[in-house]
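Notes follow the structure.
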Amino acid sequence: MAAISSVLSAPAPKHDKLKALGILALNGMFDEMDAEAVLRQAVDELLPGDIAMVSSFGADSAVLLHLVSLVDKNLPVYFLETGKHFVETLDYVETLKQRLGLTNVIALYPDSADLARFDPDGTLWETDPDSCCHIRKTEPLEDVLSGYGGWVTGRKRFQTAERGVLPHFELTSDDRIKVNPLAYFTNEDVEAYKARHDLPEHPLYGEGYKSIGCAPCTSAVAEGEDPRAGRWRGRDKRECGIHFDFNGSIAKPVSQSSLHLFKDGAFKADPWKAWAEGDEPADVRYTHVPVSVFVEHRAAFLASPHPIGLQVNPGEKVEDIEGDLARFSSVAINFRAFTDGRGYSSARLLRERFGYEGELRAVGDVLTDQIPFMRRCGIDAFVVTNKATREALEKDALAEVPLYYQPIGERHEVPAGTRPFLRRPE
Ligand code: SF4
């Protein structure tokens, strides 16, 4: 310990001191230290006046905020006021401020021009959560944190597999330090700490909300479930973007070109994935399950509370699951080859005979020439990987179909092959 003190008390500027120490050495020195000592070293010794904290004021935020109150009640604590929080969370901010005597809690708001431009109706969280987190969390925070040499986070190793190797100190690519005093805390440690210091619970904790973020993206978890399973449930998303990059810069939202689902006139984020070998029927969610797999495990799928979809492969019969169609919020018809027309028949059966009203999407060999015909059969979403098709959809330049050989639905259509003057669609 004497050696550590002498290194830390060397009269070097704070950033140089950190660089001289090196992040590995830093972690080695403080590996055995408890959370309060790690925080105290960061705030008092390594980055005095140059470090801030970000808190979600969520289910276990009280522990780190209590540690902050022991070390420096005036440490800047930033709270991302996304405009999407539970009312209970906003109440909890005030409760903890009063109870812990925190004097420097600062709310950060998203840029109003960004909200007006990218999320005018407040539903971006549903269609593109990465971008929603970006404008509500990452950008406001980036502006503020660029003014600090380091920041304190409440992340813990046990929370997700991605965080399993989390150290006490991380160096970002722009030479800033992330300090994780609770990295080694287990769930039991958190509970014991809260009980020892009689810390108030988040009002929703007792209702099964074990990890709490914005209201639309947070759900309660079942007994024994991963505490973070209720965050972005059913989505392929685990972090809000702020903590995503382990060593480097703050993560950016997904690019438009990486989106393949075309629906309602635009490419958007797709929460659905395809069934994979080894998937468990009782556990999958937002997964398109092939008809044959659904039939084989029908009881398990019907008992599952999770949203599931259906995938209809060439040769599979939608008639086989007619009575269970209400179970699926999305049906994917697999056009394995553009020459195979069986998908059109499946789509028409679903829409016209069975009255299916959920999302009906085309996957597989989805090409520009086929899309107008797919639409005629009731398909309203398209997973597109073909470059030319993508460009045609983006430019709204799909070819018109002036003649139909097969009438559909209840529209009055005269098929080609009859007299020419009768062939025009209505
Ligand atoms: S957690 Fe949900 S509502 Fe909050 S910023 Fe992210 S996507 Fe938007």
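Cβ from N, Cα, C; glycine included.
Listed in TrEMBL:
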ACT_SITE  Cys240  active site, nucleophile
BINDING   Cys132, Cys133, Cys214, Cys217  [4Fe-4S] cluster binding site
DOMAIN    51-220  domain 'Phosphoadenosine phosphosulphate reductase'
Listed binding-site residues (Cys132, Cys214, Cys217), ranked by Cβ neighbours within 10 Å, top entry: Cys132
Local confidence of the prediction over the domain 'Phosphoadenosine phosphosulphate reductase' (51-220), expressed as mean pLDDT: 87
Mapped DSSP class for Cys214 ([4Fe-4S] cluster binding site), helix or strand or coil: coil
